[in-house]
Structure formats: structure tokens, C-alpha cells
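Below is one structure; the comments refer to it alone.
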Amino acid sequence: LSLSLCARLCQALTKEHGEVEEGRTMASEKAETIVAGKYVEMEKEGDDKSAKGKLSKYFWHGGSVYDAWFSCASNQVAQVLLTLPYSFSQLGMVSGILFQLFYGLMGSWTAYLISVLYVEYRTRKERGKVDFRNHVIQWFEVLDGLLGKHWRNLGLFFNCTFLLFGSVIQLIACASNIYHINDNFDKRTWTYIFGACCATTVFVPSFHNYRIWSFLGLIMTSYTAWYLSIAALVHGQVEDVKHSGPTKMVLYFTGATNILYTFGGHAVTVEIMHAMWKPQKFKMIYLMATLYVLTLTLPSAISMYWAFGDMLLNHSNAFSLLPRSGFRDAAVILMLIHQFITFGFACTPLYFVWEKMIGVHDTKSMLKRALARLPVVIPIWFLAIIFPFFGPINSTVGSLLVSFTVYIIPALAHMMTFAPASARENAVETPPSFLGGWAGMYCMNIFVVVWVFVVGFGFGGWASMLNFIQQVDTFGLFTKCYQCPPRKT
């Protein structure tokens, strides 16, 4: 892809709306009414008191604060739970803990910025009587409405590329995990199989319909996290265990960018917010989700690194070091199901972009939309077969794509949107008072941009690319079974 190609693509994706005149001031209560209005109407219109309607409401059609929390928490942890012990072996215990806490807070901050920009964009549009009843707002459209086509092109390029590789990573993780309970097929063959399975996500209409899946997904990852923690402690330390990390700068920054990737799962924040009945309530949801996720990622990574130490440097999947048991098989199966769900989370925004490009996004026929979505899965399937490097690919995507998609661009966009005095005066969401107003918010944003650009993209990109190239040189592209132990004869 190139930015020029994105510019052409966007011509087919977006519809130009008239300029909306802004009032001098607007009360926050009025803003909430405008933002939530359309969804309240939709909820009432779609009210069905039949048994089938009630069942659909409870399990299928969500839009509450709790649905958003489950979606954020479930989507955030995913398969990185299995690679964080690998990152700890690269970083060392202390740095691993500190980076998780630091990037967890930073990710929550930029998710908050995205939510502010979404509410600002939607409020401005709905003042102009724009109806989003059959249209899902996406991040590149927010940037377009607030800052213009160049920002739209930038957001579209990074967001789509990140979500593309995010889907690839989930597919690679499926093959890597299932191999630990059934090695009759190599990992490449399992990738073929799970690629076909994941293609069924084309039938999920939107993020409204992930209610039960988000809930179950979080239960599955919670079980897996505590299984890793307890199994490592029960196993105890291996003989002559060594905890020598960090030993090399390349490994150190590779591990750090994997954690950057871990807490950069909010590339779908706008779509999750749009699926809420009252999107303005999203502000603190991502932080609450991150705090819960930390209760899963820290104990499991600490326990695994304590038990196996430097052995993790050659085992990017934590399952590979634990003895096979019923509990481990259950964890593998649950993670497989969760990765299928997370694949849907990452791919659904890509489906929306593709639908808008070919002009079927507004159609009410789900079968027509599902058939139109299928071509999106093909390049994901192909890339997962080319680059099956479970672990190293996370760091590479984190440094080159996540750093811009969910950290640098949101912080810069927020500063640019509210640079004019009139924009600050009429802002729907004002900065929290404890930050010191707009000055404090700008200081936070500048820090995020500088830190992530230098440490995440600069050092992290250098280290991750070196590590990734080393994997290609060692195993080759299209490798049939990445990091597989020798087959017993």
C-alpha cells in the first residue's frame, strides 16, 4: 500500500457532508443527548418482547458499558499472554514488570484520547443532522471529519495495515497452539485449517454482536493466565535455571515492543464505542479493562520466567515448556477459541472498510455482506503462511505499526484538533482538572509522541527488524513448522 493508493481508496469510502456551523458554547448534558440520541432511538425501535427477541438481546445484541468493557479486556490480552514470558526473558524481571505497568497506563491514555475525538466528531456531525443509523464510524473517518483528508489517509494506512497483521498473528497463534496437543499435522497445515475456520467471522454483522463471545473470551484467557501461573509454580524451577536478561540491547528492545503491542489493542476502539448505546461513557472503560488484564499478564509472565528463565528465549510460546496434562490441553483449546474471537475483532473493521469501498456497507442483506467480505481473508491467510514467526512478528508489528496507529497518531490528532482557541472553548469533552487543564493534556501528549517515536519506533523498530530478519535467515519463509521439536520416530 502507499499513501497515494489510500487517497484513491478513500474517495470511494467516504461521503462528503456539508460544513457544520458550530455554536459558541454547548452544555455537557446537551452534548450527551446528541451523542447518545441515535442509539437510544435504535434500541427502542428494535425492541422485541418475543422469546426469540429476548434471547437475541441477552446473547447477541449488546451495547452496554459492560459489553464495551468485556470487548476491550478480551481483545487486549489475546495470544500475547503466551508470548509475554518470552518478553520477560529478553527484558529481565524488573524491566518486564515496569514496562507492563508503564505501557498499560500509556495505552489507556491514548484510548481515552481516541474516545474524546470520536465524541467530538460525532457531536459535530449530528448537529448537522447526519444519521449514522446504518453506518459504522471508523477511526479514519474521525480523522477526516476533524483534520482533513491527509490525516484520513494516514490513519487508514496504519490502521488497516495493523489490523491486517493483527489478524495474521491470531491465525499464526492458532496453528502454534493446536500443535501442542496434536502434532500429526505441521503448523502450516493447521494454518490452512484455521484460516478456513476464521473465515466464518464474515457472518458476524458488527461489534454489537460480540456480546456473548467477549464474555466467554475473557473467561477463557483468565483460565489460561492462571493455569500458566499455577502450573509454573507447581513445576518449580528447572535445574540450573538462569535469569540473565537483559543481555543484549536487541533483545531488550524487542521484548519492550512486544509489551507495547500488548497494550496497543485499541485500534478497534472507535468501532467498540460506536456499538455502545451511550458512547460518551467509554472514557474510563479501557483503563478498567487494562487494570484487569494486568492481573492476568503479570502473575503468568513472572511465574513462567521464574520457573524456566533463559529457556524462554528459544520458546516464544509458553505452552511449549509445560508438561502435557488435561489442564494444559484445556488451556490450549480455550485459547484457540479465544483467538478465533480475536480474529473477528481485528478483521471486522477491515470488513467495514472493504464494504464501504465496494458500496455494500449500507445493505441490509447479511448474506450479501458476508460474501463481499470473503476476499479480505485471503491475504491474511497467505501472510500467515509466509511469516509463521510466532513471537518475533508481534514485536515487529508493535514497533512499526502499533507505535503510530494507537499511540503517536491519536496524541498528535488530539493536539491538532484542539489547537484553535475556539475548538477548546466548544470542546464536548474538556481535560480532567487534575491534569492541569489543556496545558497538562498537551504535555502528556507530547511526552507520548516523543517516547513512542524514539523508544518504540526507533530503538524498537531497529531491534525487532534485526530479530525478525534473523528468524527469516534461520527458518526461511514458508517454513512448515516454526520452532517445532524434532519428530520422534
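Glycine residues also receive a Cβ, built from the backbone N, Cα and C atoms like all the rest.
These features come from TrEMBL:
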DOMAIN    61-453  domain 'Amino acid transporter transmembrane'
TRANSMEM  97-119  transmembrane segment
TRANSMEM  156-178  transmembrane segment
TRANSMEM  190-208  transmembrane segment
TRANSMEM  215-238  transmembrane segment
TRANSMEM  250-273  transmembrane segment
TRANSMEM  285-308  transmembrane segment
TRANSMEM  330-354  transmembrane segment
TRANSMEM  374-393  transmembrane segment
TRANSMEM  399-421  transmembrane segment
TRANSMEM  442-463  transmembrane segment
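Below 8 angstroms of C-beta separation, residues 83, 86, 164-165, 167-169, 171-173, 175-176, 187-188, 191-192, 195, 198-199, 202, 254, 258, 316-317, 347, 350-351, 354, 464, 467-468, 471-472, 475, 477-479, 482-483 of the same chain, each at least six residues beyond the ends of the transmembrane segment (374-393), sit close to that stretch.
Among the listed stretches 97-119, 285-308, 330-354, 442-463, the one sharing the most Cβ pairs under 8 Å with the transmembrane segment (250-273) is 97-119. Here the transmembrane segment (285-308) lies next to the transmembrane segment (97-119) in space: the count of CB pairs under 8 Å, restricted to residues six or more apart, reaches at least 3. Contact counts against the transmembrane segment (215-238), taken as Cβ pairs under 8 Å, peak for 330-354 among the stretches 97-119, 190-208, 330-354, 442-463.
Within the chain, the transmembrane segment (97-119) has long-range Cβ neighbours (under 8 A, six or more residues past its boundaries) at 31, 35, 72, 84, 91, 137, 139, 142-143, 146, 255-256, 259-260, 262-266, 269-270, 273-274, 279-280, 282-284, 286-287, 290-291, 293-294, 297-298, 301-302, 406-407, 410-411, 413-414, 417, 428-429, 444-445, 448, 451-452. Long-range neighbours of the transmembrane segment (330-354) within the same chain, counting only residues 6 or more positions beyond its ends whose Cβ lies under 8 Å from a Cβ of the stretch, are 13, 71, 74-75, 78-79, 81-82, 136, 138, 140, 156, 159-160, 163-164, 166-167, 170-171, 173-174, 177-178, 180-181, 194, 197-198, 201-202, 204, 206-207, 210, 213-214, 216-217, 220-221, 223-224, 227-228, 267-268, 271, 319, 361, 369, 372-373, 375-377, 380.
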